[in-house]
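Participant: Attaching a single structure in structure tokens format; questions to follow.
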Amino acid sequence: MHKTASQRLFPGPSYQNIKSIMEDSTILSDWTNSNKQKMKYDFSCELYRMSTYSTFPAGVPVSERSLARAGFYYTGVNDKVKCFCCGLMLDNWKLGDSPIQKHKQLYPSCSFIQNLVSASLGSTSKNTSPMRNSFAHSLSPTLEHSSLFSGSYSSLSPNPLNSRAVEDISSSRTNPYSYAMSTEEARFLTYHMWPLTFLSPSELARAGFYYIGPGDRVACFACGGKLSNWEPKDDAMSEHRRHFPNCPFLENSLETLRFSISNLSMQTHAARMRTFMYWPSSVPVQPEQLASAGFYYVGRNDDVKCFCCDGGLRCWESGDDPWVEHAKWFPRCEFLIRMKGQEFVDEIQGRYPHLLEQLLSTSDTTGEENADPPIIHFGPGESSSEDAVMMNTPVVKSALEMGFNRDLVKQTVQSKILTTGENYKTVNDIVSALLNAEDEKREEEKEKQAEEMASDDLSLIRKNRMALFQQLTCVLPILDNLLKANVINKQEHDIIKQKTQIPLQARELIDTILVKGNAAANIFKNCLKEIDSTLYKNLFVDKNMKYIPTEDVSGLSLEEQLRRLQEERTCKVCMDKEVSVVFIPCGHLVVCQECAPSLRKCPICRGIIKGTVRTFLS
């Protein structure tokens, strides 16, 4: 990356030659597709300004090249052009007009036109490659372009490695420190129009830079140094140190490791905002809030995902804070930690100390697994006292007096407390939530009734899933019959067969049957009747199977519990990748990251998925 003057002139080739070259480039292709993207480029570069004239009216008596050279880019409206530096807009061009002279006459204080004229008089205009520009001018935290070129280009040394001019200009200024941009979060929020995909705003903000525009121009909040024309392999912190080694921010900061990003195309605020074009207007959380917290819309219902940790959330409610939800469910997200700080994450996690344990404890519950999806309950010893407190507020009592089912009220209040950390404050809020919960519950019951009518066998298998894990021993014959009937493929067959222990084979087989549905359940029933009549009778005739826990894993660390779950299972949808996503609220861990977004209901308990938590193991 070299430090060069921002003025770039291209004498020599005719405009038609330049235009034909540009039309073959990605830059002009992007411009032609959408004039709205014009601010994607650094218009301090004459070549970029030239690219905007591809749709300039043919009858205008002033050449596009002379307009571009005078600092103007085309706005896309009639013959109106605009200066990239001072913002002057001109139109109604007439024969004999000189863009440079008109620019100088109407806006003599424009720093670009001043330097262009002085450079022309001094015959100092030279071709330069579009390398990184570094300036050490004073800057306030604004996106107004008129303040971007307050210094003299001629003061910069032609030697790209000589930083003397930068140091001299910097030392002559008053204090450039910007208190408004002193936090990483504040700097990050300035990048909503950031044009580059290969350099993330989070990295730039961490290196002390905030976005000022146009193009990819950024400035340091501490020393005021400016950089632009970033290249794919540039490191923001290294470039900062190289050009502004005496910056107080660099002297007082410790460079930390970069963090990995799950979806590179969504790392800018602007990119995430674009995904919310069809965001449902009924959702009470605004796209701006979600995008700022790292989330982008996946195009279904109100489902969003974090570009960094890939965590997914849905079913947003009035009063939800995306940052709080981010910290609650995905506390290891590095973007979250960078933006909000570890103290914020710890404070949110402190409100829900047993959240992950609760998810794990519900992932393999006993009893009727075809019943309503379990609500995440308080930890042992907390339930009775906290239940009494939360159910005795005036607002909750009012809801009970209206005739709402007590269990439904209790579940709704618990969900509210787990989501926001507080109970309902108004009767209107809780009544609205209860009405929605009733509608959702009725819909679930209808769907479950339809499923049970279609196949009572599948419901019995789901209900006795844990017991079947223990008691099913004739796995391979059933597996072969499923393959023969083309219910599963050879890969799915072999994955289950390769498990070294029968209980693991049984676990994989039962969960696969639940995912495959009625056809698999019928084959399972027929095979079991022939091979294991006792188990068949207990399951399908007497309907009286018992599950007896054989190992207490509660004493194991959460990480070890998760590790065991992952080692035991492959994704029940693709039967290829390892499971890595825990469903909320049921807590089942049965699918991989790629398959989870396509599911509305958990394939094991058929409960509606209201969120996902991706498991990260070191």
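Cβ atoms here come from the backbone N, Cα and C positions, even for glycine.
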Participant: Looking at Zn(2+) binding as recorded in Swiss-Prot, which candidate out of Cys247, Cys333 goes with Cys306, Cys309, His326?
Facilitator: Cys333
Participant: Tell me which residues of the chain lie with their Cβ under 8 angstroms from that of Cys333 (Zn(2+) binding site), as long as they are six or more apart in sequence?
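Facilitator: Those within reach of Cys333 (Zn(2+) binding site), by Cβ under 8 Å and sequence separation of 6 or more, are Gly294, Cys306, Cys308, Cys309, Gly311, His326.
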Participant: With every protein chain in view, how many other Cβ atoms are within 10 Å of the Cβ of His326 (Zn(2+) binding site)?
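Facilitator: I get 27 for this one.
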Participant: Within 8 Å of the centroid of the Cβ atoms of Cys306, Cys309, His326, Cys333, which other residues of that chain place their own Cβ, given that this set defines the recorded Zn(2+) site?
Facilitator: Gly294, Cys308, Asp310, Gly311, Phe330, Phe335, Leu336
Participant: For the repeat 'BIR 1' (46-113), jot down how many residues DSSP puts in helix, in strand and in coil.
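Facilitator: Across the repeat 'BIR 1' (46-113), DSSP assigns the residues as follows: 27 helix, 8 strand, 33 coil.
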Participant: Around the Cβ of Cys306 (Zn(2+) binding site), how many other Cβ atoms lie within 10 Å? Please give the count over every shown protein chain.
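Facilitator: So the number of other Cβ atoms within 10 Å of Cys306 (Zn(2+) binding site) is 27.
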Participant: What three-state class does DSSP give Cys306 (Zn(2+) binding site)?
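Facilitator: Going by the DSSP assignment, Cys306 (Zn(2+) binding site) falls within a strand, counted as strand.
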